[in-house]
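Look at TrEMBL and you will find 54-75, 95-115, 127-149, 238-257, 278-299, 311-336, 343-366, 386-411, 423-440, 446-472 tagged as transmembrane segment.
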């Protein structure tokens, strides 16, 4: 007993000593912070403002855009007037989209060519594991949130359906995904994607007719029937998945060609650098464009006060799910693996995150994401050029979370109980659909149809959530960009050894070339 008491006393003393150490540490940090604040000069403030001018202008543009949008709602602008008002924002979108195609191709080719096959293989494996893990976590969060909050409880009458949703077979959608990975024409892939269309044909079926009443012999009769058949078709939009697959393979081949491929490596490296300089130039216009994009969308949207209780709860549920994934799960993952402060890393991404919020496009934000990671967070270019284009194409955590949550919400609105097997089906389908979203035309709509069809939910009910989709699309795009960026930071940390070995190998090759030239 005395031994037990002494061990308890020792445990208490250890606990209190650790508590005192923590208090002393907090006190010392607060003193250091106070001293830093006291030592701040006017030059320090000017330097801070100069360094963070882009971010401050962009944040100011978002705030002013929201205020301007709500201020102009009372004027009841016509559709034409809203389009004229949003024109500066449309210009920003067009400029960013103009740079996406050359940046996607040049960055992937230079990134793959700069790494040897072993290093790129390991990095690719880590990227795939990261993408799959975070996407499954996002889907899990979405399902848990919708089951706990239960936003679909109530009547379906408060919703107003506005448009008809095109039917699509999940099998055809996934086959389109695979087809788009291997485009037959690279020029066409820059402007169009393959999409299965549906047509009808009349077929004649022979049937044996036995009319025993009139004592006639057996006779055959042809009956006409209509059959829906899949047809090859295309839709406008960059086939990003096909270009990613081609660029990765092309970059690997150039990298293995050594001296023979040096001219091509230099060309794509110069192209990539030129595009990034164009991005730096366009960034000065970004705050103006973002201001008018946000203000124009707020002026255009329906009256928020008329939003039903179910739709309001659905919106809140999606926002909470995205915040948990973006502000808790991803930073925790970054900290556990790298042992670095994730919020310092996220601060460096602020410009890209705000651009994603304004443009609602991961691809359009890609040039800004490159700039933030390479210049602010000092992530190795070999990593960003490999990870970001692939991530922007297939890693969509926000989309996966949203689709799983929306599918169960639609089931709740229809008073349909989801069993465990159906929830697992939704999880797998939402994950697969989000990965293949870039290869499927009209990604958000089509992938949602796939998820609903997989568990027998009515696809027309997608119209129930269209009223708030424009807003939630911006939030999930921001989550997608954050997931890609944190993934780049994690993969760089895990690939340090391969990157160092690759650097040494490149130095050795350069020295050998110099010796050959001198001889």
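For all residues, glycine too, the Cβ spot is worked out from N, Cα and C.
Owing to the predicted nature of the structure, the values given are computational and were not obtained by experimental measurement.
Nonlocal intrachain contacts for the transmembrane segment (54-75), taken as residues 6+ away from its ends with a CB within less than 8 angstroms of a stretch CB, comprise 85, 283, 286-288, 290-299, 350-351, 354-355, 357-358.
A Cβ distance under 8 Å defines the sequence-distant neighbours of the transmembrane segment (386-411), meaning residues of its chain 6+ beyond its ends; these are 103-104, 107-108, 111-112, 115, 120, 123-124, 127, 130-131, 134-135, 137-139, 141-143, 145-147, 151-152, 240-241, 244, 247-248, 314, 317-318, 321-322, 325-326, 330, 362-363, 365-366, 369-370, 373, 417-418, 423, 426-427, 430-431, 433-438, 443-444, 447-448, 451-452, 455, 457-458, 461-462, 464-465, 472, 475-481, 483-485, 487-488, 491. Counting Cβ pairs under 8 Å that are 6 or more residues apart, the transmembrane segment (238-257) and the transmembrane segment (95-115) reach 3 or more and are in contact. Comparison of 127-149, 311-336, 343-366 by number of C-beta pairs under 8 angstroms to the transmembrane segment (278-299) places 343-366 first.
Same-chain residues lying 6 or more positions outside the transmembrane segment (127-149) and placing a CB less than 8 Å from one of its CB atoms are 313, 316-318, 320-321, 324-325, 329-330, 333, 386-387, 390-391, 394-398, 400-405, 408-409, 412, 423, 426-427, 430-431, 434-435, 479, 483, 487, 490-491.
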